[in-house]
Amino acid sequence: MAIDFLYPQYEVVRNYDRCIACRACERQCANEVHFYDPEFQKMQADESKCVACHRCVSLCPTRALKIVKTDHTFKENANWTGKAISEVYRQAGTGGVLLSSMGNPEPYPIYWDKILINASQVTNPSIDPLREPMETRTFLGKKPGKIERDADGNLVPNLSPQLELRVPVMFSAMSYGSISYNAHESLARAACALGTYYNTGEGGLHQDFYQYGPHTIVQVASGRFGVHKDYLEAGAAIEIKMGQGAKPGIGGHLPGHKVGPDISRTRMIPEGTDAISPAPHHDIYSIEDLRQLVFSLKEATAYKKPVLIKIAAVHNVAAIASGVARSGADIICIDGYRGGTGAAPTRIRDNVGIPIELALAAVDQRLRDEGIRDQISVVVGGSIRNAADLLKAIALGADACYIATSALLALGCHLCRTCQTGKCNWGIATQRPELVKRLNPDIGSQRLVNLVTAWDHELKEMMGGMGINSIEALRGNRLMLRGIGLSDRELSILGIKHAGE
Ligand code: SF4
Ligand code: SF4
């Protein structure tokens with residue numbers, strides 16, 4: 001009906017002088033944008049289906065294609081933007097909840113970009129990372145409050161199980177189901193090569209990936225999909241997912257059309273059924289309940305594996321973290337409101353939660369104030385975009401960071417934000433075999449290794465410039481940070497001074 005017509009968001013610009021009608025774009029596009037018109041003997045496009053994933057642009061052999069944003073004719077203003085108007089139309093047409101993927105795109109402040117890093121000058125020498133040792137290895141887990149010695153003066157080993165990271169970066173939870181087999185394999189192999197960890201998310205562990213167990217964090221979420229004894233024992237650590245930055249307060253949803261035979265077996269659910277995990281864990285209503293699950297999991301794995309608890313960054317995150325630290329967990333993972341997802345209700349993704357920078361600073365300070373910082377390691381995620389964000393996070397108090405969107409970008413994601421449709425043309429957020437095979441795990445894992453290696457080089461360079469030679473010395477070193485353009489209140493929560501002070 002005309003009332004619902006929306007002018008397409010993107011336009012396909014085809015240079016017919018260059019187009020040789022090879023139809024590669026038609027074959028590459030799972031959204032069926034391109035087609036050959038026999039009447040006019042040339043390629044045409046149905047632009048209403050284009051999501052700007054740029055697969056066709058990248059693979060066109062003659063560089064004949066360009067995708068541009070349309071200059072649509074909404075009579076918009078600062079309040080009623082084109083996006084706001086079109087969302088009302090879509091909901092009036094369907095009566096449904098709007099779904100989105102990837103992280104919160106709204107123009108809230110990005111605090112990483114308002115924090116500057118110190119460098120040594122004159123009185124405190126910098127360190128040359130090419131010539132002097134620089135340590136970016138880190139260990140996650142409880143640290144002993146004091147060193148114990150026996151009667152002969154020998155050290156008594158009292159260290160809880162630790163995760164050793166050669167670089168302070170891990171791949172965040174992305175389930176098999178929300179992303180493809182080849183994407184999981186790429187992450188797993190990269191984690192092994194880098195000496196770090198990837199995370200199963202709430203989708204269980206495919207039998208082929210048990211071999212990567214020493215570099216795998218297995219997740220236990222409210223749906224308990226794919227959770228069994230062998231699964232718990234396969235991982236290097238177990239993560240209890242209480243919340244996720246993209247959708248705090250609600251559970252996960254994998255649409256039935258993505259649940260094929262392999263996913264069904266791995267998740268232990270019937271084929272073709274929606275995998276909807278409940279919003280809360282139905283056995284957890286207090287920190288005491290959480291503690292029970294932590295110790296059940298430790299008991300089930302003979303107290304050999306650290307337990308992580310993942311929460312979303314919300315208003316009272318510092319108090320929640322204080323409780324989590326007392327639950328017996330070894331590591332707390334905090335996911336900021338920019339954290340990505342394969343599918344989330346748009347309103348929740350864009351309006352619920354708080355920035356990871358503020359959450360991290362508040363949590364680290366609270367744990368220090370209560371004298372329990374050493375009882376738990378802190379890992380943060382939710383849009384860590386580069387090595388500078390990583391360094392700032394560690395200086396604000398993190399032990400390490402989780403990355404996911406950056407990892408997917410390394411695999412070829414073009415941030416078209418339509419993962420929920422299952423038609424990812426880059427073979428990442430899809431289960432369609434013809435699309436999955438487009439992502440080559442040899443290439444994917446190498447690109448992930450390259451990305452994290454590059455960040456590690458940059459991290460060492462920046463640390464050297466600051467006169468710091470270990471993550472240990474950088475962690476929580478807020479004196480090394482200055483804010484710019486921030487209010488007194490923001491600076492006080494971040495625990496940093498303003499530039500010039
Ligand atoms: S891929 Fe390029 S050359 Fe081939 S049909 Fe499409 S636009 Fe034309
Ligand atoms: S993973 Fe695929 S579908 Fe999702 S945003 Fe990236 S390119 Fe688009």
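Counting begins at 1 with the first residue displayed.
Yeah, the Cβs are placed from backbone N, Cα and C, and that goes for glycine too.
Per TrEMBL, the feature [4Fe-4S] cluster 1 binding site maps to CYS19, CYS22, CYS25, CYS60. In sequence order, ALA24, CYS25 are the residues of the chain that are 6 or more apart from CYS60 ([4Fe-4S] cluster 1 binding site) and have a CB within less than 8 Å of its CB. Under the three-state DSSP scheme, CYS60 ([4Fe-4S] cluster 1 binding site) falls in the coil class.
Mapped onto three states, the DSSP output places CYS53 ([4Fe-4S] cluster 2 binding site) in coil. Annotation comment: TrEMBL describes CYS29, CYS50, CYS53, CYS56 as [4Fe-4S] cluster 2 binding site.
Mapped onto DSSP classes, the domain '4Fe-4S ferredoxin-type' (10-39) shows 5 helix, 9 strand, 16 coil. If you look up TrEMBL, you'll see 10-39 (among others) marked as domain '4Fe-4S ferredoxin-type'.
Here the domain '4Fe-4S ferredoxin-type' (41-70) has a mean pLDDT of 96 out of 100. What TrEMBL lists as domain '4Fe-4S ferredoxin-type' is 41-70 (among others).
Residues CYS19, CYS22, CYS25, CYS60 make up the record's [4Fe-4S] cluster 1 site, and a Cβ search at 8 Å around their centroid adds ARG14, ILE20, ALA21, ARG23, ALA24, HIS34, MET43, CYS56, PRO61, THR62, ALA64, LEU65 from the same chain. Counted within 10 Å of its Cβ, the other Cβ atoms near CYS22 ([4Fe-4S] cluster 1 binding site) come to 13, all protein chains included. Around the Cβ of CYS29 ([4Fe-4S] cluster 2 binding site), the same chain contributes ARG55, CYS56, ASN425, each under 8 angstroms and 6 or more positions distant in sequence. Neighbour counts were taken as the number of other C-beta atoms within 10 angstroms of each residue's C-beta; across the binding-site residues CYS19, CYS25, CYS50, CYS53, CYS56, the minimum falls on CYS19. A straight line from the CA of CYS53 ([4Fe-4S] cluster 2 binding site) to the CA of CYS22 ([4Fe-4S] cluster 1 binding site) spans 20 Å. When the binding-site residues CYS19, CYS29, CYS50, CYS53, CYS60 are checked against ligand 1, CYS19, CYS60 have a Cβ within less than 6 Å of one of its atoms. Among the binding-site residues listed (CYS19, CYS29, CYS53, CYS56, CYS60), CYS53 have a CB atom closer than 6 Å to some atom of ligand 2, in sequence order.
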